[in-house]
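Copied over from TrEMBL, here are the features:
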- 1-22: region 'Disordered' (REGION)
- 136-166: region 'Disordered' (REGION)
- 408-488: domain 'RAE1/2' (DOMAIN)
- 492-517: region 'Disordered' (REGION)
- 492-506: compositional bias 'Polar residues' (COMPBIAS)
- 520-559: domain 'RAE1/2' (DOMAIN)
- 585-624: region 'Disordered' (REGION)
- 591-606: compositional bias 'Acidic residues' (COMPBIAS)
Amino acid sequence: MLDEQGRSTRTQRREGPNHKRAHEVVKAEIRDFGLIRSHMQNLGEVVGDSKEYYGDLWASFNFDGLQKWVQDCKQSEHSLEINSDMENLKTLIKEGETLLNAKNKIPTVFKIEENWYIPKVVNEPVESRPLTNITQLESSEKGSGDAEQEASKPLSDDAEVASPPQSKLWSQDKFLKEYRKFNLDLAPKLLFARGSLVELLISSNIARYAEFRSVTRVLTWLGDSLELVPCSRADVFSTHHISVVEKRMLMKLMATCVEPGSSDKEFEEYADKTFVEYLKSKKLTPNLVHYVLYAIAMATDKTPCLEGVARTQRFLNSLGRYGNTPFLWPMYGSGELPQCFCRLCAVFGGLYHLKRTADALIIKSDEGSKSQCVSIVSGNQRLATDNVIFGVGHALPQFLKNVPTQGISRGIFVTDRSILPSEKEALTLLQFPPVGGVGEPVTIIEVGPSTNACPAGLYVVHMTCKQQTSAKEDLQPVVAKLLTTDVDHQTRVSADTPTPHTQVGSSGEEGEFEKTPEVEQDLVKPQVLWCLYFNCLDTSSTDLSSNTPEKVYLCSGPELDLDFEFAVQQARDIFGKMYPDLEFLPRAPDPEDIVLEGEEENDSAETDSKPENISSAEEVPTEK
């Protein structure tokens, strides 16, 4: 949790039906920021969702839920849902109104490919089988008298009973049995410690619903190996990867970028140049240019100078608030954040109706004015509405006449250890530069079991980049550098290396990885057990309002940026159009201060009719 002073607090989650369900599905959509306030002001408003889960493209799933999502996406990719009842629905419209088919949707997820890199069943080697079998065999070879004499000997206090060692090898059957322990994000994102979403969570008092972990390290790929990026002043002066002169140059650059207002003239002459040109003009070494460009600014060699400075400033301003890096990761995944807003919506009477979609929109057109949506049709019923908000996955084709042909390439990888092993489990961010100067940079987020993203002994690696061809082709060069998909890899590692690498035990602490000369370089790479590639539509740069009727708003969904800044701003803009006179998401009262309309009178009546022999402490509240 985050308090008003910006401190990070932790709470223990209660185990129960609701907690278990939180592992199954996510509760709301982050695009519904703008809807929360409307629910607070107009109790009883309803949000319909055609899916049987919350969140759409922002959702998180356990492994079983993700498998179902993959199948649904494959079906919708090759078939369009057709509304055969449009003629019958015309009886619901009035004079001057027309119907728009709302079931003819544009596919937003495509080019899906799923792969396993472990066998369905693993036959354990002899050395990993229980030792009791050997003991029984030796006993049977002894004489009966020897066996009885051996059995009658008492065990000493120091005697230890050997337990059968646990197999380190993963199979598909073993993997699938742990499906509830996965929380896999469709759109993984981090929060800047002083970003707009963190400030919104604190100011609105919604942070009480969430838990976060600080990203523990930022890595970069330099010289064909992974290197730690010095984030703070202490890191800069303690690192051995850059010289003393380079440290001074880096600190001077950071001081210039953190307050660009005092150096506007310096950046003005680079307004039409790239950020990398500005860095080189400061006589920075190639190593420093790499650190600043890819790890701190998370930019490319084509990024404009002023944008690169703004990115650097955002990174530096978020340092030191919650941890050694500027980033936070939500426990249970990014899909947990929309759930926080859905909870607040429910507190104020908002209703979510799953598996309930809009069959058609009723549009009214008046001469001299733009057409306007006045109602929707759902389940052969006409439902009046003041505003209609569609995610891009539910948008009608006529609303998106200029749909981009390319979007985002995503990859989800479950591995058997970290990309850079350490003594303790790390939460890692890595901006991988274009391989060989070709392609797009790849944003990599690696999370472990301490974030409840996966079972003990495994890691989840998320890769995201701008789409060029397909997700697999776009990400393959980076996958080849960091991971291995050799099916026999884990068997060789188990046999050739004496340590369990970064397999974590039940305590959650990570074993130290010991590099030995005998271990080949390819054996050090994490083994991919399972992976999923897919592409999704990115309409963040598309004008979503030019072809829509009045009172209809479209949300672009997840975009390429690392954080939630774009989603928060889009929610503010839509809310401002819907309710221009209302404040966007003001501070929510504490639970004990919330009184819904009509409850105050009911509470008074119940108090008057309460038997005198029942105290308030003895009452058991009923669930609503």
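Backbone N, Cα and C atoms are what each Cβ position is placed from, and that goes for glycine too.
A TrEMBL annotation is a machine prediction, not a hand-curated record.
Keep in mind the model is a prediction, meaning the values are calculated, not measured.
Sequence-distant neighbours of the domain 'RAE1/2' (520-559) (same chain, 6+ residues past either end, Cβ-Cβ under 8 Å): 31, 34, 56-58, 66, 70, 73, 106-118, 170, 175, 186-187, 189, 361, 363, 370-374, 385-393, 395, 398-404, 406-419, 458-459, 461, 467, 470-472, 475, 479, 482-486, 489-490, 492-493, 496-497, 513, 566-567, 570-571, 574, 577-578. Note on the domain 'RAE1/2' (408-488): its mean pLDDT in the predicted model is 94. For the domain 'RAE1/2' (408-488), DSSP puts the residue distribution at 18 helix, 28 strand, 35 coil.
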